[in-house]
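**Q** Dropping a structure here in structure tokens format, bear with me for questions.
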Amino acid sequence: MSGCGAPAPAPAADTGGRKLLRLEVRNAQTPIERKPDWIKTRATMGPEYRQLQALVQEEGLHTVCQEAGCPNIFECWEDREATFLIGGSQCTRRCDFCQIDTGKPADYDRDEPRRVADSVQRMRLRYATVTGVARDDLPDEGAWLHAETVRRIHETNPGTGVEILATDFSGNPDLLGEVFASRPEVFAHNVETVPRIFKRIRPAFRYERSLDVLTQARAAGLITKSNLILGMGEDRSEISQALEDLHEAGTDIITVTQYLRPTPRHLPVDRWVKPQEFLEIKEEAEEIGFLGVLAGPLVRSSYRAGRLWAQSMTAKGREVPEGLQHLADASLGFAQAV
């Protein structure tokens, strides 16, 4: 689940023209599940959100927040935080929970980093999350694109924080090193699920390799982050083990969320995790030693990312830059987290 929220359900055959996979046909035999009452959000449109919404419409800007229909857009935009997708709209890998379609990506766009940086400037963002599709078709798997986007945002927007939510780059230290060298405020790589069902849900990724990516990022001196999606077939003890694995690998920040099925062709929801269980998981993660923890049914990996980064900086004993001090206000809450 890259970036923010799940979009509204789409038709089962909405695949961008490609033929449905057998797995997708099987998934589509199960109707979209009705959400329980506790999964809901209030649309509180503050002045910063309204101003940003008007600007985005006037300038024709594009964010994952709008295009994925993220339920948290009102909160994040009020903090001048937004998420951008780079590398195209199609991914060379397929995960059974992800709304981004699989296929042959469009031609490589070397001007994209500049355009994203300009959008950040025009939106006057204080913190930007950048996520990218997997580009196994490219020799560097998109490493330059990720790194250059971070660099251009920092150059164009001094004082704006940047979080990169990246693929695994096949675990290649040279490719990862290029991204690390761009010095994002946070390097995030989402494990998403537990080892037993990992290969079935994320066949192009490997659990141990994802952990190693986080270890490499931590060794490079970066604040690291990952995400777990619940309700895809895991059991409670496996969640605990995954948390231990992630912490041991060097993960500083963890977010935990409920799987919401994007379309009928995606993996059916196995269970709805109740708020009390999210609260127990949050407390467990804090006891394990994560510096920042957010858990809840509508939490997403980029939800209030700037606040969570500032909290982790403080916990590490690092100084939050002056221009981002507002994110370190301990009185600020996380409405979608337990």
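Each Cβ is built from the backbone N, Cα and C atoms, and glycine gets one as well.
According to TrEMBL, the protein has these features:
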BINDING   C65, C70, C76, S302  [4Fe-4S] cluster 1 binding site
BINDING   C91, C95, C98  [4Fe-4S] cluster 2 binding site
DOMAIN    77-291  domain 'Radical SAM core'
**Q** Please classify the secondary structure at C65 ([4Fe-4S] cluster 1 binding site) using three-state DSSP.
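**A** Its secondary structure by DSSP: helix.
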**Q** If I restrict to non-local contacts, at least six residues apart, and a C-beta distance under 8 angstroms, what lies near C91 ([4Fe-4S] cluster 2 binding site) in its own chain?
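**A** Listed in sequence order, they are C98, I100, D101, T102, G103, P105, V133, A134.
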**Q** Using DSSP reduced to three states, classify C91 ([4Fe-4S] cluster 2 binding site) as helix, strand or coil.
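**A** Its secondary structure by DSSP: strand.
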**Q** Count, for each of the binding-site residues C70, C76, C98, the other C-beta atoms lying within 10 angstroms of its own C-beta, and report the residue with the smallest count.
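**A** Candidates: the binding-site residues C70, C76, C98. Fewest Cβ atoms within 10 Å: C98.
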**Q** What Cα-Cα separation, expressed in whole Å, is found between C65 ([4Fe-4S] cluster 1 binding site) and C95 ([4Fe-4S] cluster 2 binding site)?
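**A** The separation of the Cα atoms works out to 20 Å.
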**Q** To the nearest Å, how far is the Cα of C70 ([4Fe-4S] cluster 1 binding site) from the Cα of C95 ([4Fe-4S] cluster 2 binding site)?
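**A** Spelling it out, the Cα of C70 ([4Fe-4S] cluster 1 binding site) and the Cα of C95 ([4Fe-4S] cluster 2 binding site) are 19 Å apart.
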**Q** Quick one: what's DSSP say for C70 ([4Fe-4S] cluster 1 binding site), helix, strand or coil?
**A** coil
**Q** Through the lens of DSSP with three states only, how would you label C76 ([4Fe-4S] cluster 1 binding site)?
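**A** In the DSSP reduction, C76 ([4Fe-4S] cluster 1 binding site) maps to helix.
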**Q** When you measure from the Cβ of C95 ([4Fe-4S] cluster 2 binding site), how many other Cβ atoms are you left with inside 10 Å?
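**A** The answer is 23.
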**Q** Let's check the environment of C65 ([4Fe-4S] cluster 1 binding site): how many other CB atoms sit within 10 Å of its CB?
**A** 25
**Q** Over all shown protein chains, what is the count of other CB atoms within 10 A of the CB belonging to S302 ([4Fe-4S] cluster 1 binding site)?
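**A** A 10 Å sphere around the Cβ of S302 ([4Fe-4S] cluster 1 binding site) contains 33 other Cβ atoms.
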**Q** Do you know offhand how many angstrom separate C95 ([4Fe-4S] cluster 2 binding site) and C76 ([4Fe-4S] cluster 1 binding site) by C-alpha?
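**A** C76 ([4Fe-4S] cluster 1 binding site) has its Cα 26 Å from the Cα of C95 ([4Fe-4S] cluster 2 binding site).
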**Q** For the domain 'Radical SAM core' (77-291), provide the mean pLDDT of the predicted model.
**A** 94
